[in-house]
Every structure is written in structure tokens, then in C-alpha cells.
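Visitor: Shown below is the structure under consideration.
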């Protein structure tokens, strides 16, 4: 039954990456807000950019959690 | 049947990480609001940043719950 | 049972690419914001373009995570 | 069981293309923003068109990732 | 088990076309933006129409990718 084992691991890793679509949308939403903010008030571009990168880091972390679980499923389990 | 056992654990861990898409979108929404708020009223940037980080922490916690469940499924079960 | 093995790998790789729809939407959202921002304040076009590309890079990275998992499932596992 | 093998490959390729709906929505969002931007400020049409095409290229790349995985599943695996 | 083979191919082709709803929404969004733009500024109708058609071509391409994969699943596999 080794084939079934490997195959189900592949399905599990694939399912984990489905969760990565959230951060993709989220990064888009926050950069959208930052773009509109810089256009409305270019003087605040520094503070907006700093907070945008701060937010991207946390959202990217969620995608990396999914990636870590996928890689653990593939190589460690 | 050990192969089936390990394979279904992989599927379970993958399904748990599907739940991480919510925090990804949510962090994007809250940072989007913060960016627009700082642009409209730069004097409130300090208070906005503090509350944005507070909100990110709670949303990130949801993603970490999913990660914990995935890791428990993989290593403790 | 080798056929089942290969077939489930295909399903896993396909599931991983489902996660790529998030970055697709996200890139659209951030460029949408950038377009509206440049139209409203063409003088800020430089700062907007810089931050737009910065955001696209992070969102594209999420899609590449999914692609990497799909390729690992197909060729390494 | 070769039939099951081929059938699951078909399902995997189909799942991969599900991920293509994100870039479809994303391209729509960014062109929507560009249309409204050109209408509001026709003088910025050049900068808007340049950035719109830049964004479309990155979103289209995500769809091509899904297409590549689908074709690999069908013909290489 | 040839019946299962043919049935799973049908499921795969169906799943591939699920991805076509993204371009459908996306084309709607971009034409929506173009309609509002032309209404607001009829003088910009030429530039808007040109860019609208450019965007539709790229979104339509995403739908054609899904169609190609569905047809390959049905007739080539």
C-alpha cells in the first residue's frame, strides 16, 4: 500500500496550499489601500509604506505557514 | 494499513491549513483600512498603527490555531 | 497500485494550483488601486509604481509557493 | 487499474485550472480601475496604460503557472 | 474499470471549466468600468475602448486556457 500512502501525502500537501489564496488576496487589498492613500496624501507616503510592509510581512507569514505544512507533509511525515 | 493511516493524516493537516485563508484576507482588509485612515488624517498615524497591530495579532492567532492543529495532526496524533 | 499513486499525485498538484487564484485576484486589486491613484494624482505616479511593484512581488511569491509545491509533488515525491 | 490512473490525472488537471479564475477576476479589476482612471484624467492615460499592462503580465503569469501544471499532469506525469 | 476512467475524465473536464467563471466576472468588471468611464467623460471614449479590448483579450485568454485543458482531457488523454 505504499502507493496510496504517497498519493494521499500529495493530496494533503496540495490541500495545504489551497490555504495560500487568502494571503494573496489580502496583500492585494492592503496594497490597494496604500496606493489610494499615497495618491490622496503623498506627504504620508513614508508612514503608509512602513505600515504596508508591516502588514505584508504578517500576511506573507500566513502563506509561509501553509508552505511549511505542505513541505512537512511531503518530506518529514 | 499503516500507509493509509499516514496518508489520511497528511490530508487532515492539509485541510486544517485551508482555514488559514481567512486571516490572510482579514489582515489585508484591516491594513487597507489603516492605510486609507493614515492618508486622510496623518496626525492619527500613531493610534492607527497601534490598533492595526492589535488587530493583526488576533487575526494572526487564527492562522496559528490552524498551524497548531496541522502540526498536532502530523506529529502528536 | 502504482496507477493510484500517480493519479493521486496529479490530484495533489492540481489542488496546490487552486491556491494560485488568490494572488491573481490580489494583483488585480493592487493594480486597480494604483490605476485610480495615478489618475487622481499623477505627480505621485513614481511612488505609486514603486510600491505597486513591491506588492506584486510579495503576491507573486505566494503563487510561486503553490507552483513549487505542485512541482515537488509531481517530480520529487 | 490503469483506467483509474488516467481518470485521476484528468481530475488533477481540471483542479489546476480552477486556480485560473483568480487571474481572470484580477485582470478585470485592474482594467476596471484603469478605465475609470483614464476617464477621470485622460492626460495620465499613458502612465496608466503602461502600469496596467505591467500588472496584467504578472496576473497572466499566475494563470500560465496553472496551465503549465495542468499540461505537466496530462502529458509528463 | 474502463467506465470509471471515462467518468473521471468527465469530472476533470468539468472542473477545468469551473476556472472559466473568473474571466467571466473579470470581463464584466472591466466593461463596467469602461461604461462608467465613457459616461463620465465621452471624449475619452477612444482610449477607453482601446484599453478595454486589450484587457478583454488577456482575460479571454485565461478562459481559453481552461477550455484547452478541458478538451485535451476529453479527447487527447
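The backbone N, Cα and C atoms fix where each Cβ goes, and this holds for glycine too.
Sharing the feature lines straight out of TrEMBL:
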- C:6-31: transmembrane segment (TRANSMEM)
- C:11-72: domain 'V-ATPase proteolipid subunit C-like' (DOMAIN)
- C:52-76: transmembrane segment (TRANSMEM)
- C:60: site 'Reversibly protonated during proton transport' (SITE)
Visitor: Take the domain 'V-ATPase proteolipid subunit C-like' (C:11-72) and count its residues per DSSP category (helix H/G/I, strand E/B, coil), listing them in that order.
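Guide: So the counts come to 59 helix, 0 strand, 3 coil.
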Visitor: Applying a 10 Å Cβ distance cut-off over all chains shown, what neighbour count does residue C:60 (site 'Reversibly protonated during proton transport') have?
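Guide: Summing over all protein chains shown, residue C:60 (site 'Reversibly protonated during proton transport') has 20 other Cβ atoms within 10 Å.
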